[in-house]
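A.B. asks: Take a look at this one; I'll ask things after.
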């Protein structure tokens, strides 16, 4: 009540007409639920009494939506004390959706986050329908979805210079990052040039220059609540709500009693799409496609990399060459596991 009264005073004396209390998802107010299995996993829940995210013991199945893998996810969805670690949080699902024109006939300039380019861009919106990747101004888009720019990786955008070395033409095999293909490529480097986009190994090149979302963010991890079935609840009311149907990969309508239920419960379809989305596409899943075996006739330079084998559900090392432009290629085993952990059932 104190927060609402304070905001009311601000509205009265400062002219803040649109100030309001941000509503948390229903799941944030639920008690932590151990679940119905027998495992012991450390998870996080939002404690509404002290406004903090705390750990609890989770059995591995069942439970409710107030259940997060990390403290960061808990803070992001439900709030809580701020930490500098929150700056590294995964983007909301909506940021990876394609912009949708909508269903009406008006024309408004809106902004969406282009996950491929890592930038916020404008598009034409007709006034109704669409999805959560829709912002009234560029600032809101950048604030919620961010942009790829990283000053520590700016040198990766510049190709190495091609300077002839008349005095001391000593060459060495090195690697540079090609921003167009987002791959590290081997080349003969000479000592006359003083470029920053030059690395002794492919692994160091990839670690320094690869974008945070270029190869591992093809699958966006949804909140636990998105995988729950719709729950009518415990009261006798009849309210229209929306839930995410994981089987159909869509947000659908259902009837809600007014109390109880679980976190897969949204007041409008836009919130459902924003948090749970519907973006997974197996055809774009690199972990389901083996890297191509192309012979490289021009310059057969190889490097040890890793790929995910969906049949064995393991990350396997192999010799990778630069003729192929595969996405199921990772510089380390850890990167491979991080990208393809959804298919590694033995780790879940």
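Positions of Cβ are set from backbone N, Cα and C atoms, glycine also.
Caution: TrEMBL annotation is automatic and unverified by curators.
Not my notes, these are from TrEMBL:
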SIGNAL    1-21  signal peptide
DOMAIN    28-78  domain 'BPTI/Kunitz inhibitor'
DOMAIN    95-145  domain 'BPTI/Kunitz inhibitor'
DOMAIN    156-209  domain 'BPTI/Kunitz inhibitor'
DOMAIN    226-276  domain 'BPTI/Kunitz inhibitor'
DOMAIN    287-340  domain 'BPTI/Kunitz inhibitor'
A.B. asks: Could you give me the DSSP helix, strand and coil counts for the domain 'BPTI/Kunitz inhibitor' (95-145)?
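C.D. replies: Secondary-structure composition of the domain 'BPTI/Kunitz inhibitor' (95-145): 10 helix, 15 strand, 26 coil.
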A.B. asks: Please work out the mean pLDDT for the residues of the domain 'BPTI/Kunitz inhibitor' (95-145).
C.D. replies: 80
A.B. asks: Please work out the helix, strand and coil residue numbers for the domain 'BPTI/Kunitz inhibitor' (28-78) from the DSSP assignment.
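C.D. replies: DSSP classes over the domain 'BPTI/Kunitz inhibitor' (28-78) add up to 10 helix, 15 strand, 26 coil.
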